[in-house]
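Trainee: If you scroll down you'll find the structure; I have some questions about it.
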Amino acid sequence: MKETSPIPQPKTFGPLGNLPLIDKDKPTLSLIKLAEEQGPIFQIHTPAGTTIVVSGHELVKEVCDEERFDKSIEGALEKVRAFSGDGLFTSWTHEPNWRKAHNILMPTFSQRAMKDYHEKMVDIAVQLIQKWARLNPNEAVDVPGDMTRLTLDTIGLCGFNYRFNSYYRETPHPFINSMVRALDEAMHQMQRLDVQDKLMVRTKRQFRYDIQTMFSLVDSIIAERRANGDQDEKDLLARMLNVEDPETGEKLDDENIRFQIITFLIAGHETTSGLLSFATYFLLKHPDKLKKAYEEVDRVLTDAAPTYKQVLELTYIRMILNESLRLWPTAPAFSLYPKEDTVIGGKFPITTNDRISVLIPQLHRDRDAWGKDAEEFRPERFEHQDQVPHHAYKPFGNGQRACIGMQFALHEATLVLGMILKYFTLIDHENYELDIKQTLTLKPGDFHISVQSRHQEAIHADVQAAEKAAPDEQKEKTEAKGASVIGLNNRPLLVLYGSDTGTAEGVARELADTASLHGVRTKTAPLNDRIGKLPKEGAVVIVTSSYNGKPPSNAGQFVQWLQEIKPGELEGVHYAVFGCGDHNWASTYQYVPRFIDEQLAEKGATRFSARGEGDVSGDFEGQLDEWKKSMWADAIKAFGLELNENADKERSTLSLQFVRGLGESPLARSYEASHASIAENRELQSADSDRSTRHIEIALPPDVEYQEGDHLGVLPKNSQTNVSRILHRFGLKGTDQVTLSASGRSAGHLPLGRPVSLHDLLSYSVEVQEAATRAQIRELASFTVCPPHRRELEELSAEGVYQEQILKKRISMLDLLEKYEACDMPFERFLELLRPLKPRYYSISSSPRVNPRQASITVGVVRGPAWSGRGEYRGVASNDLAERQAGDDVVMFIRTPESRFQLPKDPETPIIMVGPGTGVAPFRGFLQARDVLKREGKTLGEAHLYFGCRNDRDFIYRDELERFEKDGIVTVHTAFSRKEGMPKTYVQHLMADQADTLISILDRGGRLYVCGDGSKMAPDVEAALQKAYQAVHGTGEQEAQNWLRHLQDTGMYAKDVWAGI
């Protein structure tokens, strides 16, 4: 057990504890001083209780782990609850109204929502500009005062369509006076002794009066909106009054709406006004930074009032704001509590009764994170977001409890500071020295400057300028569209694929989309569709997988044709090949892609780029990305093309329109699937087993036939849990009907152009729990404006990190979206990035000789602790099928594998079957067929089944196998790997013990079948067979390998193992 250390504490003063060390008017400055003396962690005791203050970035990283810590509403925040109640800022995470309001209001603070607020923000900013422009020469500007007026009016107008008209008042609005006094009183209450508090009768009376003043204003805003009815407003108040929480279906009650409005009026203007004031101060004290800011503003803000797009282009202004928040975060601390007793820093014990305060100004000055110049004002440190120190920048709080209005504040502040610099020269006529003023937030105290107009002409900023500019921007964008590749001369690209499970097809369609969006004419098709029709104009790209060394079902005919044509027949064809494979099948890895690549060259085609390989058990996406880069570069060189840098490089976009009606998924058509029904669904494991294996009988449609050894493909349904998670994350309802439209081929799996419910769309069309790809993670990062969170996401796609943190833990894009709530990815883009829902293939475990109208499958239910360490992982198809009941519908199709996995035509041919666990499935069908043949009077060759399981509890089909053995249909050899009192035994061990028998059977022309795990079991079985061959025939290793390969090439050895591509 590790030794713990006491948390440092400054000197105490009797019953007052450390209270005398805290300046009641500027407590944050006192804590900063103590942190400089005590270090990155210390504790203070006051009559109000004990607080652990943390400021070192490594310790902050620990306490910001939301699995271990959550936001605490104590101290000053607890006092603020007197007038903000369970609003977003002052509610506990476990309170129902926090989650409800968070779900309802998140969309109104997204980056996209800022576009709707932009015009109103300009409206208020223009009032500030006009006020300053009308000042007399040398007349002082109260910077914090005017910024407070601006930010209050902005949140009032944008959030509630209420005008405080602060610039038309001689004195602040009564709400402001009451709010400032109430916040100040809340801060001081926590520093007073109970006896002091009781004696302050007048102060308490004023506190109640100020609260009632705020309540009266807010209640009147709500009442007026209700009286006027729905005027199609899209602001905060409209959502609070009209929108239901997608999770509970409930609306916010009027009391909570009151608390939310007060919360936003406080948080929405206090912090932003402080930010603008600090930024102004820093610019005046750093003329070189001010000069750069003026240069950017003059270059970008060319209209009277900035457009939304122009504000986004003010990158240096945003850096100034970020750096101002670093040095003086206007919300200087946030409080946390541990969910259970723990240790931080490897030695400091924290109990559930402790309260932790993250001291943000000191965190932002941590030299270990920010470097030796941490005290300096240097906006350039935010130029490259990937260099912002991890967990060392928290101006908006942490995680799901971070400030919901961050985007609102930053857009408003960027717009306002840009406009100020566009129109005014700032003058520090008083040579101001910074004096921090604190209520619950920080701002410069008594800060005055003077301004001079930078332009002699009168300032007439047009409030509508931003909107008027929009059509022009759109026109420019439309005119810019066109080919981004010069020299195509209408030459096409044909992308062909061979794919059984969808991976290769998905890659092919993505390649076609990419080319199409660069102005290239493209087509996609299965390889079998282009037999004898490879074009000699343009380029051909082939993406294909292998199945045990055999081509996919939609590529087999093409491979055969390619093999039969004469050399020289494909002269003039220009091609490139990318192969999908799995290195666990080393003997056949990339066999088909390699064969196609070599055959094309041999038959006269020209390879314009080297073949690429993607390993689905490795870094498939990284390998694909590298190949795509080189392939496109080679194509440009080979065909004499040039890149048009001025072309529109927009991605394929998916649009979504809400409608009413019904819809269906097109995936069933793409696999020629049919609707069937479940006839029986029963458990095969014993009652005391901790696993689940289902035997499922499926009543087939009239026109569907199968044979033993075939596969039954199932189009599964995503779990309701995961569908609900997505709907909740995006604030949508599953019952809503939408119509999708798309410009690219990669959306072909979606039900385009017809109504479909969001529930059905997410249930039947896309993979939602696959590990996130690097491309998906990069997209998530691009939609995340919170610098620390964006940096975290960007780091996840790095070499090594991606494999360890995403692939091995099977972290999905949905998991990441839930973790990073600041990610503002639109639902349409999320949907577009999800891969098509792939069919799951099961070996049929029955024989049509018993019942041709019914087929069974044997499904091992995948269910267990998630590799991510969070919750339970459930396989999509196996759990979907496990829950189906007799009579339920299932979408299915039959596929005959290319591996010749069928019974010998001559029933007297001896057979060896190896199938542990659910690998026994196809052999059950074989044995049923042999049973029928025997009853028909046919003579059977000997048959051996090597079955494996852990113990008697998961010995599936035991009764049937024992009956087949009793009836002389088969000899069963069972290996138990976890049976008490017996050594651990696998099927290959039993086969090694019976080497003479097995080799004798195979030498006499017997057939060998192996079904099940291809990564471990199948290679071990093959190794055992090769050793047996060596031992029996006295040969070497190479001869044994050649023998086994010959068996496979001649069809005497067939495998039904899964590569997952």
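Keep in mind that glycine also has a Cβ here, set from the backbone N, Cα and C atoms.
Per Swiss-Prot, the feature heme binding site maps to CYS403; the stated evidence is similarity to another entry. The FMN binding site feature in Swiss-Prot is assigned to 499-504, 546-549, 580-582, 588-590. The domain 'Flavodoxin-like' annotation in Swiss-Prot covers 493-632 and rests on sequence analysis. Swiss-Prot lists 671-904 with the feature domain 'FAD-binding FR-type', giving sequence analysis as the kind of evidence. As annotated by Swiss-Prot, region 'Cytochrome P450' applies to 1-475. Under the heading region 'NADPH--P450 reductase', Swiss-Prot lists 476-1061. According to Swiss-Prot, the site 'Important for catalytic activity' annotation covers THR271, on the basis of similarity to another entry.
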Trainee: Provide, as an integer number of angstrom, the distance between the C-alpha atoms of CYS403 (heme binding site) and TYR589 (FMN binding site).
Mentor: 51
Trainee: Would you count the other C-beta atoms found within 10 angstroms of the C-beta of SER546 (FMN binding site) for me?
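Mentor: I count 28 other Cβ atoms within 10 Å of it.
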Trainee: What are the DSSP helix/strand/coil residue counts across the domain 'Flavodoxin-like' (493-632)?
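Mentor: Summed by class, the stretch gives 56 helix, 35 strand, 49 coil.
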Trainee: Among all the protein chains here, how many other CB atoms are within 10 A of the CB of CYS403 (heme binding site)?
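Mentor: There are 22 such Cβ atoms around CYS403 (heme binding site).
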Trainee: Compute the average pLDDT of the predicted model within the region 'Cytochrome P450' (1-475).
Mentor: 87
Trainee: Please report the number of other Cβ atoms within 10 Å of the Cβ of TYR589 (FMN binding site).
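Mentor: The Cβ of TYR589 (FMN binding site) has 18 Cβ neighbours within 10 Å.
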Trainee: Around the Cβ of THR503 (FMN binding site), how many other Cβ atoms lie within 10 Å? Please give the count over every shown protein chain.
Mentor: 22
Trainee: Given the recorded positions THR271, SER499, which one's Cβ is surrounded by the fewest other Cβ atoms within 10 Å?
Mentor: SER499
Trainee: Cα of THR503 (FMN binding site) to Cα of THR271 (site 'Important for catalytic activity'): how many Å, rounded?
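Mentor: With the alpha carbons as reference points, the distance is 49 Å.
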Trainee: Starting from the Cβ of ASP582 (FMN binding site), draw a 10 Å sphere and report how many other Cβ atoms land inside it.
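Mentor: Around the Cβ of ASP582 (FMN binding site), 24 other Cβ atoms lie within 10 Å.
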Trainee: According to DSSP, does CYS403 (heme binding site) sit in a helix, a strand, or coil?
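Mentor: The three-state answer is coil.
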